[in-house]
């Protein structure tokens with residue numbers, strides 16, 4: 001009996017639960033409707049106040065709009081759906097309506113209805129005042145459409161009669177996602193003051209960001225630092241991203257704001273540039289292989305998503321973008337924390353510079369996900385202005401970090417240079433003490449040689465002798481490099497016969513090449529150049545030795561090519577060749593290429609580089625892996641006629657004080673020549689024009705001018721030619737230029753070397769034992 005009653009009771013409770021479940025939506029809707037009937041009027045009592053219409057105390061909240069109901073009939077039709085409160089979900093419904101009643105208790109009739117956020121597409125306002133009803137549309141066409149566009153939104157003028165009540169229905173339409181709407185009502189005077197304050201905060205902030213961009217661009221042009229380049233470019237794109245959904249598109253192009261291709265491309269491009277800046281700032285590729293792989297993967301992912309974004313649906317772009325933003329934030333924080341823990345210093349400021357951006361990204365993610373919570377009133381949103389100030393904070397901190405980084409790198413470079421100079425000077429000054437044991441060892445080996453008995457003993461002796469020879473060669477190379485780095489060696493330019501120089505090298509290295517089974521071919525040209533004979537021979541010797549060392553079969557060739565006023569000396573081989581990546585470091589003493597296992601100190605090409613810079617003989621490399629290499633050295637050509645050139649101009653001695661007259665328009669050339677001539681014991685007289693020199697009546701050992709001052713001279717061709725009767729004239733001009741008779745041309749690329757050769761020739765021509773010579777340097 002008890003079980004029967006229990007079973008009946010269970011069925012009754014089950015039926016009541018079903019009735020409650022089915023009846024709940026009707027009760028909820030009834031509550032919503034009763035809430036609408038109980039909402040209070042928004043009473044306007046002051047013209048110095050902004051009234052928020054997005055308030056559940058004075059509005060219905062947002063209800064989904066129905067296509068079957070015309071907008072002009074919504075007041076008569078009433079509400080038929082549950083309210084979404086003040087947080088409409090535009091992914092569920094495209095349009096929403098908000099109802100409100102307003103009563104004007106002031107004497108002001110001209111009011112402004114403001115709607116924030118440019119993401120709402122042409123909002124509409126239905127106004128009913130008694131029997132009169134009309135619709136106003138907020139358009140991006142500006143004043144021509146009765147709409148005022150301000151920094152954070154748009155507004156229209158409403159005429160509200162004093163002491164009367166009106167009913168308004170506001171329609172908002174957005175694409176998928178939009179910020180929480182703010183709708184405000186205020187008097188015309190208060191609106192103008194409010195807009196002015198916004199402009200005072202917003203427009204100077206944009207100017208500050210542009211100032212950062214301009215400063216970064218100028219700094220990059222001056223320093224060519226990749227960190228400054230990527231930082232400036234990322235700041236510019238970040239500003240463009242902020243302005244893309246601001247009032248600017250509406251003001252300039254009257255465009256509606258929709259999250260389309262431009263939005264996603266700017267978002268992904270800005271993120272990729274931020275990653276590029278962080279990678280360069282941290283020098284990730286030099287410190288951590290793992291973080292380098294993560295960094296490259298992040299950039300590749302961002303670029304792929306940006307490329308595919310125009311072809312993906314909005315929801316797909318949104319969720320992938322949020323995921324990529326999260327990964328971006330984790331990478332920035334993770335790498336930044338790693339560098340702060342490892343190095344500290346300015347990396348702390350670098351990491352702090354990302355905090356405003358990451359917090360902003362978290363806010364965007366929170367809004368996009370719709371996690372806004374239930375609110376009673378929505379106040380004005382200044383996110384447009386806040387975004388710019390977040391960027392200013394980001395740029396300020398990173399600018400400080402970049403400045404500290406540059407200072408740190410400069411200090412490290414100065415310390416390294418000071419240590420290198422001190423090391424080089426020590427090595428150069430103590431070379432004698434260091435070389436003495438090697439010299440003694442060589443003498444002892446020579447004394448020991450007759451006492452070696454047996455083939456096995458001779459074999460070990462020759463190995464010892466060969467090891468000593470390699471050690472001596474390496475030591476001599478290091479000593480040469482130390483002297484070059486310390487500035488002890490000074491070039492002494494004169495005329496060098498390439499034929500005799502190359503003949504000596506051929507005799508010296510012919511046997512070495514034959515031992516390796518190589519064919520050494522030397523083309524001995526009948527041409528002379530202007531250089532230091534000792535240093536030039538050392539430069540070519542190092543190139544030749546390097547070519548033989550890295551060639552296992554084939555041949556090594558030395559030859560020359562005349563190119564205008566220059567001679568290009570080339571050393572070619574059929575060796576292992578050099579890859580493109582290795583070509584960037586073969587001249588660096590401290591970064592030896594790993595593409596070979598040849599024994600040696602690795603300083604031969606470093607010496608070549610130093611000698612090339614010291615002599616001002618540019619060197620060029622062309623190489624193909626497994627096929628060979630060609631080293632080319634450009635030398636200034638010297639052409640003479642029947643004159644011995646064994647005599648050289650001596651910098652340290654002069655029979656009498658000589659004067660050089662300079663009429664050179666280019667300040668850099670003038671300063672260079674002045675410095676050189678003073679070292680050669682010349683007194684310098686500078687003239688503004690060739691005419692001034694002629695009219696001054698002063699004498700000079702030589703007159704140096706250039707093609708520009710020659711063109712500006714008012715003297716006739718005969719007068720210019722007559723100058724050489726008393727003063728030799730040298731003119732800096734491109735090869736092939738037309739010059740007055742007896743003038744000597746100096747090529748701009750080799751003017752110092754050619755001027756010295758000219759002075760040598762002039763000194764020889766003044767010697768009683770010298771015959772007259774004709775010098776044609778060009």
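For all residues, glycine too, the Cβ spot is worked out from N, Cα and C.
According to TrEMBL, the feature transmembrane segment maps to 200-222 (among others). Within its own chain, the transmembrane segment (200-222) is flanked in space by residues 151, 228-229, 231-232, 235-236, 239, 243, 384-385, 388-389, 391-392, 395, 399, which lie at least six positions past its ends and keep a Cβ under 8 Å from the stretch.
Here the transmembrane segment (227-243) has Cβ contacts under 8 Å with residues 206, 209-210, 212-213, 216-217, 219-220, 249, 266-267, 269-270, 273-274, 276-277, 280-281, 384, 387-388, 391, 394-395, 398, 402, 405 of the same chain, all six or more residues outside its ends. According to TrEMBL, the transmembrane segment annotation covers 227-243 (among others).
Taken from TrEMBL, the feature transmembrane segment covers 263-282 (among others).
Annotation source TrEMBL lists transmembrane segment at 294-313 (among others).
Sequence annotations record features per position, and here TrEMBL assigns transmembrane segment to 319-340 (among others).
The feature transmembrane segment is assigned by TrEMBL to 347-368 (among others).
Annotation comment: TrEMBL describes 388-406 (among others) as transmembrane segment. Packing against the transmembrane segment (388-406) from elsewhere in the chain are residues 202, 205-206, 208-209, 212, 216, 223, 225, 227-228, 231, 235, 238-239, 242, 281, 345-347, 349-350, 352-354, 356-357, 359-360: each is 6 or more residues past its ends and has a CB under 8 Å from a CB in it.
Residues annotated as domain 'Histidine kinase' in TrEMBL: 429-639.
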Check: So what's the average pLDDT for the domain 'Histidine kinase' (429-639)?
Finding: 78
